[in-house]
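Asker: The domain 'OTU' annotation in Swiss-Prot covers 123-246 and rests on sequence analysis. Annotation source Swiss-Prot lists region 'Cys-loop' at 128-134, citing similarity to another entry. What Swiss-Prot lists as active site is ASP131, HIS239, HIS316. According to Swiss-Prot, the feature active site, nucleophile maps to CYS134, an assignment based on similarity to another entry. Per Swiss-Prot, region 'His-loop' is recorded for 235-239, and the stated evidence type is similarity to another entry. If you look up Swiss-Prot, you'll see ILE238 marked as substrate binding site, on the strength of similarity to another entry. The region 'S2 site' annotation in Swiss-Prot covers 265-270. The zinc finger annotation in Swiss-Prot covers 292-316.
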Amino acid sequence: MSLISIRIRSKTGVENIKLESQLKLKELQNIIEEKTKISTDTQKILYGFPPKALDLSNQDAVISGFLANGDTITIENVSSISSNPGVDSVTNDKVTSSTNSFDRNIKSQPFISQEEEEDGGYATRRVTDDDNSCLFSAVAYVLEDKNRLKGYSLRALIAQNVKSDPFEYNEAVLGKSNEGYCNWIQNPKNWGGAIELSILSNHYKVEIAAFDISTQLMYCYGEDRKYTERVYLIYDGIHYDALSICLTKNGPEDFDITRFSVDDKDSLAKMKVLIEKEFKAGKFTDTAKFSLICLNCNKTLKGEKEAAIHASTTGHGNFTEYKKR
């Protein structure tokens, strides 16, 4: 019987374990209880990226149906989770970012969103170019003195970090060989994701907090490393932008603050208000339901999952959003 390696993340820490691929959900939950001390009846299991809650109703479900080798699951105790979805903070290390690239013909809005708060500045969404390197441009904005162009050099930086530590960044973690990943990430057509944010957090020695608009959750990379600073990004399902505190209303980027103490609760609160505003305005894409078309063969697909399966079976990797008229 085949084995799969997964990573379990909870308040108690992170642990790598190997499981039989045909293990049942109820057996997985018993193992989780043993490892995390969170009772099976109060467990919330988050998987995928962005993490989504696993349906626990079918206790006989086989784990290979929703977990793959190298996956990370995040375990929360539902009895201690705040009822305010904007307050939740979870971390996900899922190391396979999107292994298939989707051509960015989906345009982000060319404006700055700002949270209305005068005291101490305004939480502000700074837009990055709508291309396959938006994650890197957003990171460069908040960590490289607001220079988005430096984002293009971050791919090579990530490859150097991965290449220098083949033990940590092995095939089980990356979903491909160390060398193969290093070549893949330097292709400007490929998207960045969770593993890239984790590597960049480690390189810059700061927490990188990414808000997912659709869930209003914050995924904080590097929070277990005791860094003293944090930066913020915003993710709408297909695109990353940078977040800042602008000292004046509708002010220029020169007035932006992008680095914050991890103890700065006021700035965090402002960011959450902005995320809620973006959510209510519907400024996100449901990647599970939106329609795509493969530009290689003109096949229409529903959601990112179907596109990923199509790419893996055909080798096609050029997708764009498809809207029926």
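Residue positions begin at 1 at the first shown residue.
Any Cβ shown, glycine's included, is placed from N, Cα and C.
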Asker: Just give me the nearest neighbour of CYS134 (active site, nucleophile) among the recorded positions ILE238, HIS239, HIS316, Cα to Cα.
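Answerer: Sorting the recorded positions by distance from CYS134 (active site, nucleophile), the top entry is HIS239.
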Asker: Counting Cβ neighbours within 10 Å across all chains shown, tell me which of the active-site residues HIS239, HIS316 comes out on top.
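Answerer: By the 10 Å Cβ neighbour count, HIS239 comes out on top.
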Asker: I'd like to know which of the recorded positions CYS134, ILE238 has the most other Cβ atoms within 10 Å of its Cβ.
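Answerer: Selected residue: CYS134.
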Asker: Rounded to the nearest angstrom, how far is the Cα of HIS239 (active site) from the Cα of HIS316 (active site)?
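Answerer: HIS316 (active site) to HIS239 (active site), Cα-Cα distance: 21 Å.
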Asker: Which secondary structure state does DSSP assign to the residue listed as 'active site, nucleophile', in the simple three-class scheme?
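Answerer: Reduced to three states, the DSSP call for the residue listed as 'active site, nucleophile' is helix.
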Asker: C-alpha of ASP131 (active site) to C-alpha of ILE238 (substrate binding site): distance in Å?
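Answerer: Spelling it out, the Cα of ASP131 (active site) and the Cα of ILE238 (substrate binding site) are 10 Å apart.
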Asker: Around the Cβ of ASP131 (active site), how many other Cβ atoms lie within 10 Å? Please give the count over every shown protein chain.
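Answerer: Neighbour count, Cβ to Cβ under the 10 Å cut-off: 16.
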